[in-house]
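Contents: one structure, followed by commentary.
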Amino acid sequence: MGRYNVILVWSLALTLCLIPYTTFAQLSPNHYANICPNVQSIVRSAVQKKFQQTFVTVPATLRLFFHDCFVQGCDASVLVASSGNNKAEKDHPENLSLAGDGFDTVIKAKAALDAVPQCRNKVSCADILALATRDVINLAGGPSYTVELGRFDGLVSRSSDVNGRLPQPSFNLNQLNTLFANNGLTQTDMIALSGAHTLGFSHCDRFSNRIQTPVDPTLNKQYAAQLQQMCPRNVDPRIAINMDPTTPRTFDNVYYKNLQQGKGLFTSDQILFTDTRSRNTVNSFATNGNVFNANFITAMTKLGRVGVKNARNGKIRTDCSVL
């Protein structure tokens, strides 16, 4: 029996090593209680000041968090600048559209923390980004929630690591589910996180295929006509189109109500309603904002645990943009 017990223990240990989500055990809302006890209020104050300067702070920070966590985990690797022979994540074509205000939000929060001697270089850039994301959601009218802390910053940031790891506007439900499942997220988590498209904007080239003749039949005809006016052929690529045409500056469940009316901007948005496997969840979130908020918080907490680094494979960066 002893030999079989050894085999069983070895097999279990090997299995745990292969699961990329087990490092979240180090995370705790009270991680900085004795290190930098006012970390949350300091970050919140800095984010609020940035928010008062420009609303773009909200979608920019939220999108930055998603793009960070989906590539090698929530380790602030997306904040790193390219140097020497290393092309960093932020310079991958998929990340070139990340708004500078998201990066600036983290920089300002980091500076505010470093101004307090007890906190200087004690809080990871990954945790600052996680806190700032929660704060911008709340400032836009969304829920506040407890953020687990204790992430270390990644030691690597490579543009090549971004390939195939971010959801595309053209994705169908199977492709979305596969990508999110790779990060330990369920279909319900994916639909809830897609609700972040209640904020922010996109550019015409990301959905132009849907409004060209023949127009995507799942697109609301009036909405399609509006998009065609805003995005004529040879349009300036810098033109920004709201993801949510109804309440673009409020974090709410209107995104799902838009999907019910055929007003999802991306194919990957509208598919959530047109595919019967996900439609019931969309209807549920559209009907009850509290149900959406609760599921969004659950999904954000799970996303924040993806690929978390610790003292063995991470560090606390003194400059978020430098490895």
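Glycine residues also receive a Cβ, built from the backbone N, Cα and C atoms like all the rest.
The feature active site, proton acceptor is assigned by TrEMBL to H67. Taking a C-beta cut-off of under 8 Å and a sequence gap of six or more, H67 (active site, proton acceptor) has these contacts in its own chain: V78, E89, E94, N95, L98, L166.
Within its own chain, S77 (Ca(2+) 1 binding site) has D68, V71, A88, E89, D153, G154, V156, S157, D161 as residues 6 or more apart in sequence whose C-beta sits under 8 angstroms from its own. Look at TrEMBL and you will find D68, V71, G73, D75, S77, E89 tagged as Ca(2+) 1 binding site.
Marked as substrate binding site by TrEMBL: P167.
Take the CB of D252 (Ca(2+) 2 binding site) and look out to 10 A: across all protein chains shown you find 19 other CB atoms. Positions annotated as Ca(2+) 2 binding site by TrEMBL: T198, D244, T247, D252.
Taking Cβ-Cβ distances under 8 Å and a sequence gap of 6 or more within the same chain, the neighbours of C119 (disulfide bond) are Y32, I35, C36, N38, V39, I42, L113. Sequence annotations record features per position, and here TrEMBL assigns disulfide bond to C36-C119 (among others).
In the structure as shown, the Cβ atom of C74 (disulfide bond) sits within 10 Å of 30 other Cβ atoms. For C69-C74 (among others), the entry in TrEMBL reads disulfide bond.
Here TrEMBL flags C125-C320 (among others) as disulfide bond.
For C204-C231 (among others), the entry in TrEMBL reads disulfide bond. Cβ contacts within 10 Å of C231 (disulfide bond), excluding its own Cβ and spanning all protein chains shown: 19.
Residues or ranges marked as domain 'Plant heme peroxidase family profile' by TrEMBL: 26-323.
Taken from TrEMBL, the feature signal peptide applies to 1-25.
Sequence-distant contacts of R63 (site 'Transition state stabilizer'), defined as residues of its own chain at least six apart whose C-beta falls under 8 angstroms from its C-beta, comprise L98, A99, G102, A196, G200. Among the features that TrEMBL reports, site 'Transition state stabilizer' is placed at R63.
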> Around the Ca(2+) 2 site recorded as T198, D244, T247, D252, what other same-chain residues have a C-beta within 8 angstroms of the site's C-beta center?
Replying inline: L199, T246, P248, T250, F251, N253, V254, Y255, N258
>> Taking only same-chain residues 6+ apart in sequence, whose CB is under 8 Å from that of P167 (substrate binding site), what do you get?
In response: F70, Q175, L176, L179, F180, S268
> Between the recorded positions C69, D75, C125, C231, C320, which lies closest to D244 (Ca(2+) 2 binding site), Cα to Cα?
Replying inline: C231
> D252 (Ca(2+) 2 binding site): which of the recorded positions C69, G73, D75, C125, C320 is the nearest Cα neighbour?
Replying inline: C69
>> As a test of the contact definition, list every same-chain residue at least 6 positions from D75 (Ca(2+) 1 binding site) whose Cβ is closer than 8 Å to its Cβ.
In response: D68, A126, R151, F152, D153, G154, G307, V308, K309, G314
> Roughly where does the domain 'Plant heme peroxidase family profile' (26-323) sit in mean pLDDT, to the nearest integer?
Replying inline: 97
